[in-house]
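A.B. asks: According to TrEMBL, the domain 'ABC transmembrane type-1' annotation covers 36-320. As annotated by TrEMBL, domain 'ABC transporter' applies to 354-588. Sequence annotations record features per position, and here TrEMBL assigns transmembrane segment to 38-60, 72-90, 151-169, 175-193, 253-277, 289-306.
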Amino acid sequence: MARNRYDMDEILEDSFDVNQLKRLAAYISPYKKKMAGVILLMLSSSASTMMIPIFLQNVMDVSIPDKDMKAIGIYSFLTLLIALYSAFALRLKIKIMSVVGQNIIYSIRTDIFKHLQELPFSYYDDRPHGKIQVRVVNYVNSLSDLLSNGIVNTFTDLCNLIFILAFMLFLDVKLTLVCLCGLPVLTVVIIFIKKKQRRAWQIQSNKQSNLNAYIAESINGIRVTQSFVRERENTGIFNFLSKNYQKSWMRAVMFNFTMGPSVDIISTVTTAFIYILGVKWILSPDSTLTVGVLIAFTAYISRFWAPINTLAGFYNSLLTAISYLERIFETIDEPVNVKDTKDAVEMPPIDGTVEFQKVSFSYEPDHKILQDISFTAKKGETYAIVGPTGAGKTTIVNLISRFYNVDSGKILIDGRDISKVTLHSLRTQMGIMMQDSFIFSGTIMDNIRYGNHTATDEEVIEAAKTVCAHDFIMEMENGYQTQVNERGSRLSAGQRQLISFARALLANPKILILDEATSSIDTETELILQKGLNSLLSGRTSFIIAHRLSTIKNADCIMYVDQGGILEKGSHEELLLKKGPYYKLYMSQYEFLK
Ligand SMILES: Nc1ncnc2c1ncn2[C@@H]1O[C@H](COP(=O)(O)OP(=O)(O)OP(=O)(O)O)[C@@H](O)[C@H]1O
């Protein structure tokens, strides 16, 4: 998959896929009864308001000439009642549809988030995180208007149009035909701008995504930015992206704003024609058209164009929503290529033998990172993986947890191919401490307990003691209940590592993976920690990646990885005797310390 950046637009869909609306309909479906109820309510309200011009006609043509004050009073009272009922119906509609709209949005957002939780590392490797966030938050929110008002209003307005047409035809067929002459003109306007309008909204969604990606990247990298005094350059990039967003937005809304005025112009012109022709027809000697009918008819014309205006608005929000829906469903459809196979079985309690059989792997096609790697770590053994930066050490341990699928070869745990067992049963039996010791917002207790919700406070404290984290935690204002921020910004790098370490241990794993677990910890603490660990590691198979070779000297086996393969392996003493790359690495560190 091509990598995407904040300054790269995502590929736009050319043709509109109706299936996206069908899929949206599936989210709407549970609320169709409520929506139908609201539509009926609105229809009853508009049907009653449609009586008002008829009252007007009667007042003009009958009650005023007859000086019938009682009838005028009744018509006024009925008009007031209808106005009150309409206000009540509108209020109820807003109340119900806001809840329905937000419920639908909630379901869509839940589905995206659930899917994002399952997507493999490779998905996140390939795109800026800001572009993912914008889909979950902004794009989904943008559907709010469509779902809360658009759909119900469209149905109501379509029915209104039919009612109004019926009333207009009832009043005067000729005037109705004059009024309908405006519709073909509107259709031409819609056909003319439709494609451009959709493309404009797609581009706008892209620019919004780029801007979001840059904001997320800038916030994450703010410390580096300020250290290298890059604020001005970054503001320049931001302004450029923000300007692009603004321009794309202006262009897209320009199309939207074309619709309203077009409807207004067409309605004004047809109304003018109706007045001219109406007056002319009234004045002709054999006319049946009365002043009351003409006034009532013109009252209907404005009602006739109002729903058309709303329908045009709905059409606008539909086109906007479609450009967002494309991105939302694209995320939900993103294939989870690291997942349980159909016949996947539960991994039985792991004993601990890990075997790589001719494993090859690449992140990107044609760029092999590991080539035909084979080794077997027996139950309870500590395997250290060393080698130069970028040699593939982290990649090896990521494959053991099946964060990526291998290109070829097999990884077996206790003789079982890990691609044939469920991910859940595999990963719950592993303790993984990654290079990035991510700390979540919450208490220290929560952070350590992250991988084992059922662990008691005592077990958490025990794990913290083992990794020498207990003392510094107790020195904090609320001990284990101290609140830490996302990324653990109020903790030192070493403290963050110790908390992640405790988290990995608490999962009580059969296989423990420590990727640069102690690189930020002072040597004195590391020495104490090492002692505690030795007893803890017994019985568990562990993989330790470390650049500081002093930490892995006692490993059962040390693998030196480089150039896509294992260049040598053996115990510390054996490798020193070989005088190969490990020896050179060790001597360089030894020399460095002298
Ligand atoms: N997500 C990724 N997408 C593409 N290439 C990657 C990705 N992650 C790592 N690589 C590449 O794979 C190679 C091995 O990376 P890996 O992280 O396994 O190295 P490492 O030996 O653990 O390095 P270090 O000692 O610096 O942690 C590197 O050349 C790196 O550029």
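Here the Cβ of each residue, glycine as well, is placed from N, Cα and C on the backbone.
Please treat TrEMBL annotations as automatic predictions, because they have not gone through curation.
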A.B. asks: Go through the chain and flag residues at least 6 beyond the ends of the transmembrane segment (151-169) whose CB is under 8 A from any CB in it; none is fine as an answer.
C.D. replies: 28, 35, 38-39, 42-43, 46-47, 50, 53-54, 93, 97, 175-176, 179, 297, 300-301, 303-304, 307-308, 310-311, 314
A.B. asks: Which sequence positions outside the transmembrane segment (289-306), separated from its termini by at least 6 residues, show Cβ-Cβ distances below 8 Å to it?
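C.D. replies: Same-chain residues near the transmembrane segment (289-306) but 6 or more away: 50, 52-54, 56-62, 160-161, 164-165, 167-168, 171-172, 175, 179, 182, 263-264, 266-267, 270-271, 274-275, 278-279, 281-282.
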A.B. asks: Would you kindly list the residues that approach the transmembrane segment (175-193) from elsewhere in its chain, counting only those six or more residues past its ends and only Cβ-Cβ distances under 8 Å?
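C.D. replies: Cβ under 8 Å, 6 or more out: 165, 168-169, 255, 258-259, 262-263, 266-267, 269-270, 273-274, 277-278, 289, 294, 297, 301, 304-305, 308, 312, 315.
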A.B. asks: Which residues of the same chain, at least 6 past either end of the transmembrane segment (72-90), have a Cβ under 8 Å from a Cβ in it?
C.D. replies: 41-42, 44-46, 48-49, 51-52, 55, 58-59, 63-64
